[in-house]
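Q: Annotation comment: Swiss-Prot describes Arg59, Tyr201, Lys207, Arg328 as substrate binding site, evidence class sequence analysis. The Mn(2+) binding site annotation in Swiss-Prot covers Lys207, His226, Asp264 and is backed by sequence analysis. Here Swiss-Prot flags Lys207, His226, 243-251, Glu292, Arg328, 444-445, Thr450 as ATP binding site.
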Amino acid sequence: MANLDLSKYGIVDVKEIVHNPSYDVLFAEETKPSLEGFEKGQVTELGAVNVMTGIYTGRSPKDKFFVKNEASEDSVWWTSDEYKNDNKPCSEAAWADLKAKAVKELSGKRLFVVDTFCGANEATRLKVRFIMEVAWQAHFVTNMFIRPTAEELANYGEPDFVSFNAAKAKVDNYKELGLNSETATVFNLKTKEQVILNTWYGGEMKKGIFSIMNYLNPLRGIASMHCSANTDKEGKSSAIFFGLSGTGKTTLSTDPKRLLIGDDEHGWDNEGVFNYEGGCYAKVINLDKESEPDIYNAIKRDALLENVTVAADGKIDFADKSVTENTRVSYPIYHIENIVKPVSKGPHAKQVIFLSADAFGVLPPVSILTPEQTQYYFLSGFTAKLAGTERGITEPTPTFSACFGAAFLSLHPTKYGEELVKKMEMTGAKAYLVNTGWNGSGKRISIKDTRGIIDAILDGSINEAPTKKIPYFDFEVPTALPGVDPKILDPRDTYADPAQWDEKAKDLAARFQKNFAKFTGNEAGKALVAAGPQL
């Protein structure tokens, strides 16, 4: 297996190639006593290995670039003064320099090469090859991507996309290359390659390939989504949960009554909903065995913890956020008991759930959306950004992230909206906006109440519930749901003085309006303004 020729990538004098290592090999490699610094993994009391990623404990969006060439120029959603995003242009000359730095770093070394699939649908899956010098990074992609069988590996052939992880190399001349810092994550759609320099954070590999799937799939009529998904045990219908980091995608889709398709990245084609990944990447800050048993129990041998505080004897402190609030674990999806087998895909979705963690305490715990509101709130992608998933953010601040994943969109947001709406119209799916954040009590809505709301959406009882309209937003909200505290369903009731809600609601409504202005450059966008908040 290890007779791979890496010289075609410019990587020379390779000492040894460890090709698609087993979990036992990875464990031995990442815990070698001779390892130092961020390469060294620590075995914890739960059997999982913990690693530290240095100053980058989250993605570094300011350091993300696409090479501007004939493959990308007219199709990528480039950042602009009117609408800033993370897709910054990089020159061919800068790319050549960065690629040279990466292959130089990887040359003359003992390397890990992990050949994976991205996408559970064989017809449209991407063959992705990862090349790195650090064992735990090989472990990370082995967890997160779809692991080929021995037969699939034997017939793998050439990859569709190659990611070079040179975390140890720095971009000293970044200013002359037109970059942001000594760190870079750069994509070349022409050569179908990704280069990672000077960041150890595992999520750059995962989300990097997600950006590529988000480029390819909508162009071939497949909805590409930053969401989790599950299905009923009979496999009759799926539900998808959109939401930014920390809004509850992983927690709420991991449901003992249902089968998990996946927790973060999916496609929806004419056959149904399918996972892009072969693993889960869950936040573990304040992880509690009682409230999230599935995730807790997934943390065992072969799982990989990131930036968690672990004592010398292996004892884990999940409450300690001194390194970062964005502590994580990656594990192969089969560490969760209730999953769709053998392939992570399900039927068409009947329920589409938008999760927002509203720090303002304005949004109802659940709203039933019209088709027009569905498009408006999908393009708005509102949440309050929760602490620490990106560098430099620690307080809850309002965030509008198109399609609940603007950081990963490689095409214009309206393209993702179009594809989602097409699929929803085809299957008659309904959308719901669920607030997993705060209300007038100053406390976060309990996970018990949120789970009750999700149950009512999934079993259809929400569609039978009595409802009323909420002002400014014109949301239709149920006034009673089984197993949910009725006093929270109208957010005004959670305030000592409803005038307080009124004031905050007007403020938030104005923020929605201001944000949506950037979508009104065409007729379709203009037509949706009426579905948004009105003052």
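Each residue, glycine too, has its Cβ placed from N, Cα and C.
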Q: Taking the binding-site residues one at a time (Ser245, Thr251), which has its Cβ surrounded by the most other Cβ atoms within 10 Å?
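A: In terms of Cβ crowding, the pick is Ser245.
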Q: What does DSSP assign Asp264 (Mn(2+) binding site), in three states?
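A: Going by the DSSP assignment, Asp264 (Mn(2+) binding site) belongs to neither helix nor strand, so it counts as coil.
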Q: Compute the C-alpha separation of Thr251 (ATP binding site) from Lys207 (substrate binding site), stating it in Å without decimals.
A: 19
Q: What count of other C-beta atoms do you get within 10 angstroms of the C-beta of Ile445 (ATP binding site), across all chains shown?
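A: A count of 28.
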Q: For Lys249 (ATP binding site), which residues in the same chain are close in space, meaning a Cβ under 8 Å from its Cβ, but six or more apart along the sequence?
A: Cys227, Ser228, Phe241, Phe242, Gly243, Asp263, Asp264, Leu355
Q: Mind giving me a neighbour count for Tyr201 (substrate binding site)? Other Cβ atoms within 10 Å of its Cβ, every protein chain shown.
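A: Here the count is 28.
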Q: Output, ordered by sequence, the same-chain residues six or more apart from Lys207 (substrate binding site) with a CB under 8 Å from its CB, or 'none'.
A: Arg59, Ala407, Phe408
Q: How many angstrom lie between the most widely spaced Cα atoms of the substrate binders Arg59, Tyr201, Lys207, Arg328?
A: 14
Q: Validating a neighbour-count step here. Other CB atoms within 10 A of the CB of Gly243 (ATP binding site): how many?
A: 27
Q: Around the Mn(2+) site formed by Lys207, His226, Asp264, list the extra residues of the same chain whose Cβ is within 8 Å of the site's Cβ centroid.
A: Lys206, Phe210, Glu265, Gly405, Phe408
Q: Quick one: Cα separation, His226 (Mn(2+) binding site) versus Ser245 (ATP binding site), in Å?
A: 10
